[in-house]
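Worksheet: one structure, shown below.
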Amino acid sequence: MTTNQRSIKAPQTVVVKLGTSVLTGGTLALDRAHMVELARQCAELKKQGHSVVIVTSGAIAAGREHLGYPALPNAISSKQLLAAVGQSRLIQVWESLFAIYGIKIGQMLLTRADLDDRERFLNARDTINALVENGIVPVVNENDAVATNEIKVGDNDNLSALVGILCGADKLLLLTDQKGLFTADPRKDPNAQLIKEVTTIDDTLRKIAGGSGTTLGTGGMATKLQAADIARRAGIEVIIAAGRAPNVIFDSLSDEPQGTRFLALEEALENRKRWILAGPAASGDIVIDDGAVKAVQTKGSSLLAKGVVRVQGQFARGEVVRVLDKQSHLIARGIAAYSNDELAQIAGKHSKEIIDILGYDHGSEVIHRDDMVVIQE
């Protein structure tokens, strides 16, 4: 079947995440021949009326190649040096390859700080949407040259999920050096079977994903599973597929794609809750009892002080926190109505007691249900 015969009928916004292993083919240099093929497929998508956003790895590999593979110490500063040199080289390669098909690109470098603050989050969203609306392909990467651990997203798998939320994507393609998610590591177990479709992400699946990435990249199957979970909750279908297979982008978007397809949740989150889910790094944790877990998960209730067991970390009123059960399983993310100091005083108390304990109150809810995203299946 030809590329044109694989045409996708309904216009879609597609985020294509390209890992280092896909761009280098396992070598130490960018594989421009394969990159031009990926650009061709993206160009074909645009010709058919779809919008394409690229999340690209490879800056460090490009920097190492450009500098002649220097022997550098294994330090953050070395990686930032390589990223600083390589990012410009990487974007030049993409610019030249897309130019073959008459397509202009726009570079966007993001850090966690750009997503933590809602106003900056919305500004990033407006920029990426403006590029798409003007026929320009956004090429996104994390700003590794300046990002520290405190402001890093950490890997381009999770970054691509956040970008998908920013641009309201219909599909997210996580292209990697594996054919998809298997029942075991196919590099170690010859009996490993490809999982074709996923409707629920549970602890068993997380255990299967395990492991880390390649020596050149930062992401492995575990981070892809995290990214898939974030994206599908925002109404984005996710496909993990082999990035060097022929016509992989078109095959991934067919009715029966190669690889593993993660179905989007039917009830997609509203925009504010998408930001709570994807934007800010959690400032602290609120541990709740079993009754509160049931109320939050099954009844859609707000979290009250009565159900709080303890707090962990430091956070101010209005910051995003994680909600955990007593076994430290993630139950929800939400915006705290009280600081950690305030919560420590009112934990386990009835709402009517708050004003007597603190001398004031910010309402009866510790986290209002409109400010909370339930995570557990």
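Each residue's number is its place along the chain shown, starting with 1.
The backbone N, Cα and C atoms fix where each Cβ goes, and this holds for glycine too.
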Can you match one of Ser51, Ser57, Ser77 to the substrate site that Swiss-Prot gives for Asp144, Asn156?
Ser57
Please state whether DSSP places Ser57 (substrate binding site) in a helix, a strand or coil.
coil
Distance [Cα-Cα, Å, rounded] between Thr223 (ATP binding site) and Asn156 (substrate binding site):
9
Sparsest-packed among the binding-site residues, when each Cβ's other Cβ atoms within 10 Å are tallied, from Asp144, Asp177:
Asp177
Subset of binding-site residues (Lys17, Asp177, Met221) lying within 10 A of Ser57 (substrate binding site), CA to CA, in sequence order:
Lys17
Do me a favour and check the Cα-Cα span between Met221 (ATP binding site) and Asn156 (substrate binding site); whole Å is fine.
12
